[in-house]
Amino acid sequence: MPYRARFGRKMECVSLPPLSNFAICGGTHGNELTGVYILREMQKHNVEKVGSVSITTVLSNPRAVDACRRYTDRDLNRCFTDDLLSSPITESTPYELRRAQELNAHLGPKGSEEAVDLLCDMHNTTSNMGLCIIFNSADWLILHICKYLQSKITSMPVRALQMDLPLSEAFSVDSLGKHGFSFEIGPQPHGVLRADVFNTMKEAVDLTIEWLQQFNSGRTFEGGEVEAYTRWKTVHYPRDPTTDEITAAIHPQLQDNDFKLLQPGDPIFLSLSGETVKHEGDALYPVFVNECAYYEQKIAYHLTQKSTLTLPSINVKKD
Ligand SMILES: [Zn+2]
């Protein structure tokens, strides 16, 4: 596996540079309202520095937020690959691609020394995912933040989801930071603000800032284990071969059962004429089950593998 770090054996304490610059983004998808309102609150209270940490708040896609839509021309959170960030801007360049390059100049450049130390992007899902921390490749620092949030947050399950992509192919805004991840919380309908989801997101952001301060002030975070789900494959809806229209819905027994092991033979779809479609192949964990935003690509859910990652202790490098 192309991990950035090596897992699976006891390691000594690893010292990492301090994390002075923290960027928090929301409204990357304009109809995912929790992040938009968290940012407004932070901006209203001029949250720019907490102890040793400078905080930059960024409304990623203001045009989509104004329209309360996921995006206007194309999905902003798929625009941060190396290829797209270096593509020439012309009159016909979609708004979101221009915006991605602006954000890269502001928060990155991606992969450079000038990039923000940590970038966290706030999302919502219509799926029953609880609080999910999504990152591109295994990173001890992010896994330590996951472990910290898991030990503190009790209002929802807290899980780690790894995309397993090399940095050049990582397409999400959080890939601009030296370290980056997304908070994905649901279920919440897009265009809607729920207090329970807002409170958990707020708690997760506050705890992340608290963790950064403790890390910068010299606390050693003990190693241990974190369970992580790794994206494995995508499952599409059954479709009419002639019209390409969806012909089945998520089966009631799968609906709301994100992260519950799907065994061969378990029902996955209920066709509109009443037939049950069953899961075939390996037992895997479904995520993003019946996510509203994935209908345009006719994606029903993703399947993941669960593994346990062993982390070293970490602390800040002193010079
Ligand atoms: Zn989103």
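Glycine is treated like the rest: Cβ placed from N, Cα and C.
Just so you know, TrEMBL annotations never went through curation; they're auto-generated.
Listed features, source TrEMBL:
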ACT_SITE  Glu184  active site, proton donor/acceptor
BINDING   His29, Glu32, His123  Zn(2+) binding site
DOMAIN    21-206  domain 'Succinylglutamate desuccinylase/Aspartoacylase catalytic'
DOMAIN    225-306  domain 'AstE/AspA barrel-sandwich hybrid'
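Locations of recorded TrEMBL features on the structure.
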{"residue": "His29", "record": "Zn(2+) binding site", "Cβ contacts under 8 Å, 6 or more apart": "Asn61, Ala64, Arg70, Tyr71, Asp75, Leu76, Asn77, His123, Asn124, His190, Ala293"}
{"residue": "Glu32", "record": "Zn(2+) binding site", "Cβ contacts under 8 Å, 6 or more apart": "Gly26, Arg70, Met122, His123, Asn124, Gln188, His190"}
{"residue": "Glu184", "record": "active site, proton donor/acceptor", "Cβ contacts under 8 Å, 6 or more apart": "His123, Asn124, Thr125, Met129, Leu131, Cys132, Ile133, Ile134, Leu161"}
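Shown in sequence order, Gly26, Gly27, Thr28, Asn31, Gly35, Arg70, Asn77, Met122, Asn124, Thr125, Glu184, His190 are the same-chain residues outside His29, Glu32, His123 whose Cβ sits within 8 Å of the Cβ centre of the Zn(2+) site. For His123 (Zn(2+) binding site), other Cβ atoms within 10 Å of its Cβ number 26. Listed recorded positions: His29, Glu32, His123, Glu184. Those with a CB atom under 6 Å from ligand 1: His29, Glu32, His123. Taking DSSP states H, G and I as helix and E and B as strand, the domain 'AstE/AspA barrel-sandwich hybrid' (225-306) has 6 helix, 38 strand, 38 coil. Mean predicted confidence for the domain 'Succinylglutamate desuccinylase/Aspartoacylase catalytic' (21-206): the pLDDT average there is 97.
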